[in-house]
Amino acid sequence: MFSQKTNYSHLFTFSIIFYVEIVTGILGNGFIALVNIMDWLKRRRISTADQILTALALTRLIYVWSVLICILLLFLCPHLSMRPEMFTAIGVIWVVDNHFSIWLATCLGVFYFLKIASFSNSLFLYLKWRVKKVVLMIILISLIFLMLNISSLGMYDHFSIDVYEGNMSYNLVDSTHFPRIFLFTNSSKVFLIANSSHVFLPINSLFMLIPFTVSLVAFFVLFLSLWKHHKKMQVNAKGPRDASTMAHTKALQIGFSFLLLYAIYLLFIITGILNLDLMRCIVILLFDHISGAVFSISHSFVLILGNSKLRQATLSVLPCLRCRSKDMDTVVF
């Protein structure tokens, strides 16, 4: 079934997009980590925001390299990739990387919210004065969700492998006894790997909704803070572009970009779960898989554009790259 619908041009397109993602992911996240680490070594200190940014960039670097290694193992050692132990290990690695990528981005949004927003509420002031502890507590609480997620995925993964190995000719797509996400078939090994993450989608998406909800609440409360601040400025007859308003606006722009990318990512996951006919199309399958990497890579470049230090470092690097490119052209010609 899979081999009849698969077009090699789709696989070629996927390969091109995949390698572009790998290169841009390494460059973007590597740049964030390098700039912050060099600044840390130079100043002998690092801010909480830069700590979160650096950890986020390193996590996404690990994610990109793990995806690259898994794909290389698939093509170079397919017999090794088909082992249940390797199948489980790949799933756990992707879940852990995705978990920390999303939760660290959520922590960054909560940090900006507590630092920039202004309320007279006693609970808010208590959290604002202890923002570092709040971020640390969020990370620790997220570890509980991670353990639950891995445990749940372990049960699903073990079940799917047992079914696949126990009845090699059985097509789970046509079965009403199993969830529609089990799309394993014996027609192609590539199809097995391409659909392996869909075993995890229903449970994993539920855990992904938790940080999304936290980020959404922080975004709307920050927007409420900006609205109250704007009304206060109108009463005091001050200009609309004061420092607090600009800080609110920049944080809201970054938060909105994150939520938009996050919502698109979740939309593709939910679409993959609910639409069986859609999932039979290899183009949608491949696009669904690369959407996760696109989300993290796009958000990394949003962070670069939204951070003054990273943006300034980018502007200082670009002239050097142009000069090096001109030198290479001179050598060639």
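Including glycine, each Cβ sits where the backbone N, Cα and C put it.
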Report summary line: What Swiss-Prot calls N-linked glycosylation site, among ASN7, ASN186, is ASN186
Requested in this report: Decide, relying only on Swiss-Prot, whether GLY91 and ALA243 lie on the same side of the membrane.
Outcome: no
Query raised in the report: Counting Cβ pairs under 8 Å to the transmembrane segment (251-273), which of 15-37, 58-77, 92-114, 134-156, 205-227 comes out on top?
Result: 205-227
Report task. Look over the recorded stretches 15-37, 58-77, 92-114, 205-227 and say which has the most C-beta pairs under 8 A to the transmembrane segment (134-156). Result -> 92-114
Requested in this report: Take a look at 58-77, 92-114, 205-227 and tell me which one has the most Cβ pairs under 8 Å to the transmembrane segment (15-37).
Outcome: 58-77
Query raised in the report: Per DSSP, how many helix, strand and coil residues does the topological domain 'Cytoplasmic' (38-57) have?
Result: 16 helix, 0 strand, 4 coil
Query raised in the report: What is the number of residues in the topological domain 'Cytoplasmic' (115-133) that are helix, strand and coil, as DSSP sees it?
Result: 13 helix, 0 strand, 6 coil
Query raised in the report: Apart from its near flanks, which chain residues at least 6 from the ends of the topological domain 'Cytoplasmic' (38-57) lie with a Cβ under 8 angstroms of it?
Result: 29-30, 32, 100-101, 104-105, 107-108, 111-112, 131-132, 135, 300, 303, 307, 309
